[in-house]
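Visitor: Encoded as structure tokens, here's the structure I'll be asking about.
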Amino acid sequence: MNNPQTGQSTGLLGNRWFYLVLAVLLMCMISGVQYSWTLYANPVKDNLGVSLAAVQTAFTLSQVIQAGSQPGGGYFVDKFGPRIPLMFGGAMVLAGWTFMGMVDSVPALYALYTLAGAGVGIVYGIAMNTANRWFPDKRGLASGFTAAGYGLGVLPFLPLISSVLKVEGVGAAFMYTGLIMGILIILIAFVIRFPGQQGAKKQIVVTDKDFNSGEMLRTPQFWVLWTAFFSVNFGGLLLVANSVPYGRSLGLAAGVLTIGVSIQNLFNGGCRPFWGFVSDKIGRYKTMSVVFGINAVVLALFPTIAALGDVAFIAMLAIAFFTWGGSYALFPSTNSDIFGTAYSARNYGFFWAAKATASIFGGGLGAAIATNFGWNTAFLITAITSFIAFALATFVIPRMGRPVKKMVKLSPEEKAVH
């Protein structure tokens, strides 16, 4: 049923909170492709008889493909709406993750993890843009709740994965979770839409504040923000991929490590609405400065304090993820603040490339550095990169102002974005 004055659906399908819930559910369904990997890494390594670095390279490749799929998928999302791209993304997650447990070679592992990663990139972009477009007045909070789904969504899966890994093995764990994730994503695709969209098609309304991807890539603001996002991701992705292997190197029990993975995901996801809300109140860049500064200090101290015992290890994981996770509420909303919403799906894909590039360190390279030079060296590198992000957010980005498109003059209030 349509509202004759607005042309919008009424009832549940016209309620923007319904679409925020769908966005969060989508994030929950793709969360495990990244955040449960640390549980799979050692069983996969043992099954294939290869090094940890070789297995973690699969994680890196998946992250890279996630970034590559977002601008391309975003083009079709911006042009036609989210439904058909979401169906394709869900099918890729289903096929890639379900069959990963059947691989008998490293190339097959890489191929299937990248297929799942490509699907994740498409789904992530759709979920985040659904939240941003339905909530232009509460963009930080909406982005935070949606990003929280990506961090927290893995939690219900962790006991299932741990149990199935012990009883039935890695193949069954991949298959059960892959089927659940893929099928639910495809079902959500039948009802999701953007505001102003009727049916499957979407019309783009472009204003002078909307930058297409080519225009955005020519602004210095994009590249400084990209560098900050790239820098702060080193430490978080190192821990995402390697918190369990690192904990084992400290001699921690398997039960402690399982609790640690749950805690890191709880704080990683739970912090995102909080930091999004804070950024709506005090500004994106001030919030970035606080988050990135604390993260740099935590990573510098991580190997010293985590070695003190079980509680210290879990506490450091919690603080590290509570700060790093905030970036996933801050950058999507900043992207829409500065470059507009008309092309936001494809534009955020270019921001996501920063995370993918940082994952090279978080996955195979980080594991190789830890193996050859020790974990202290790996954590020191991540502390330095988070400090770079802090410096950019504190001293550089706020002074740059808002980019101006096509010689359009903006008021001082418009130019001073947060």
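Heads up, the Cβ atoms here are built off N, Cα and C, so glycines get one too.
When I checked Swiss-Prot for this same protein, it listed these features:
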- Lys355: oxalate binding site (BINDING)
- 17-37: transmembrane segment (TRANSMEM)
- 48-68: transmembrane segment (TRANSMEM)
- 84-104: transmembrane segment (TRANSMEM)
- 108-128: transmembrane segment (TRANSMEM)
- 141-161: transmembrane segment (TRANSMEM)
- 172-192: transmembrane segment (TRANSMEM)
- 222-242: transmembrane segment (TRANSMEM)
- 250-270: transmembrane segment (TRANSMEM)
- 288-308: transmembrane segment (TRANSMEM)
- 311-331: transmembrane segment (TRANSMEM)
- 350-370: transmembrane segment (TRANSMEM)
- 378-398: transmembrane segment (TRANSMEM)
Visitor: Determine which residues of the chain contact the transmembrane segment (250-270) at the Cβ level, with the cut-off under 8 Å and only residues 6 or more beyond its ends counted.
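Guide: Tertiary neighbours of the transmembrane segment (250-270) are 31, 35-36, 38-39, 147-155, 158, 162, 236, 239-240, 243-244, 306-307, 310, 313-314, 317-322, 324-325.
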Visitor: Go through 222-242, 288-308, 378-398 and flag the stretch with the largest number of C-beta pairs under 8 Å relative to the transmembrane segment (350-370).
Guide: 222-242
Visitor: Near the Cβ of Lys355 (oxalate binding site), how many other Cβ atoms are there if near means within 10 Å?
Guide: 23
Visitor: Can you see whether the transmembrane segment (108-128) and the transmembrane segment (17-37) are touching - at least 3 CB pairs under 8 angstroms, only pairs 6 or more apart in sequence?
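Guide: In this chain the transmembrane segment (108-128) contacts the transmembrane segment (17-37) - 3 or more Cβ pairs sit under 8 Å.
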Visitor: Count the Cβ pairs between the transmembrane segment (222-242) and the transmembrane segment (311-331) that lie under 8 angstroms and are 6 or more residues apart in sequence, then report whether there are at least 3.
Guide: yes
Visitor: The transmembrane segment (378-398) and the transmembrane segment (17-37): do they have three or more Cβ pairs under 8 Å, with pairs 6 or more apart in sequence?
Guide: no
Visitor: Could you tell me what the rest of the chain brings near the transmembrane segment (48-68), counting residues at least six beyond its ends with Cβ under 8 Å?
Guide: 33-34, 37, 41-42, 103-106, 109-110, 113-118, 120-121, 124, 237, 241-242, 245, 349, 352-357, 359-360, 362-368, 371
